[in-house]
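Report on one structure; see the data block that follows.
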DNA sequence: CTGTTCACCTGGCAGC
DNA sequence: TGCTGCCAGGTGAACA
């Protein structure tokens, strides 16, 4: 469900409320949603959150010595509540000073939290594989251009590869390709430096706008307060199959690439 | 190594 | 109303 902007919104919100808060207890309702490969859970109780960071689509909830790495996958949510709440599909509860609780809710159970030592975070394989952050000023179009050399996959499929650029998912891949005027099914190895530049700029634009809007709640996404993101109103192509292109008014087309539904404008995207 | 498909789950919705 | 099939914002394993 969440891509970079949604995870970023949750990260910023949790940073306003979690630092300094003590973890008083953990209740795991679904075992696979809480991985503790080192058996560190007893050490977590009684420690305090210090900071929340995001890397790609991962959330990093730090305490003094430990870190909870979260991935929301398709339907995960982290809900912070300071009053008694009845929430469906809760997989993990992180209890704070009563009555505050941080709930990990996940209808489809693909997501989860992993407990690690801070010192081991740099060696955690899923994070090691991630490509550069698209919103970092240090990330240039070379990341896209270099990764595309020798690749015959569709450009959209390349964008979804987290090793190339971290944080891009199905919604924003389609949106960025539309903004850059590029065909999703174009072969990745036909990307030029100028086109790579346009595409990275488009990613930055759609991500930045979506964060301002609080993310995209197309169906399930909710922020840490349970509120919807408003960016769905600004989507140009995602979820708009058959509707008129916002630029040329011709009907948008839908195809499948790498198993993912892809919507684009055959007239505006070449 | 590259590229493609499928499995992992639950729920909502369109169509009959 | 109720059933069936399809689809969903992600990713990694299995396969050719």
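Placement of Cβ uses the backbone N, Cα and C atoms for every residue, glycine included.
According to TrEMBL, the features are:
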type	residues	note
ACT_SITE	A:2	active site, schiff-base intermediate with DNA
ACT_SITE	A:3	active site, proton donor
ACT_SITE	A:57	active site, proton donor
ACT_SITE	A:260	active site, proton donor
BINDING	A:89, A:108, A:151	DNA binding site
DOMAIN	A:2-111	domain 'Formamidopyrimidine-DNA glycosylase catalytic'
DOMAIN	A:236-270	domain 'FPG-type'
For residue A:108 (DNA binding site), the number of other Cβ atoms found within 10 Å of its own Cβ: 12
Packing count at the residue listed as 'active site, schiff-base intermediate with DNA' (other Cβ atoms within 10 Å of its Cβ): 30
Integer mean pLDDT for the domain 'FPG-type' (A:236-270): 97
Nearest of the active-site residues (A:2, A:3, A:57, A:260) to residue A:89 (DNA binding site), judged by Cα-Cα distance: A:2
Recorded positions (A:57, A:89, A:151, A:260), the one with most neighbouring Cβ atoms at 10 Å: A:57
Pairwise C-alpha maximum, in angstrom, for the residues (A:89, A:108, A:151) that bind DNA according to the record: 40
Using Cα positions only, nearest of the active-site residues to residue A:108 (DNA binding site) (A:2, A:57, A:260): A:2
Within 10 angstroms of residue A:2 (active site, schiff-base intermediate with DNA), Cα basis - recorded positions out of A:57, A:151, A:260: A:57
Sequence-distant neighbours of residue A:3 (active site, proton donor) in its chain (C-beta under 8 A, six or more apart): A:57, A:167, A:168, A:169, A:170, A:171, A:172, A:216
Inter-residue Cα distance where the pair is residue A:151 (DNA binding site) and residue A:260 (active site, proton donor), in Å: 18
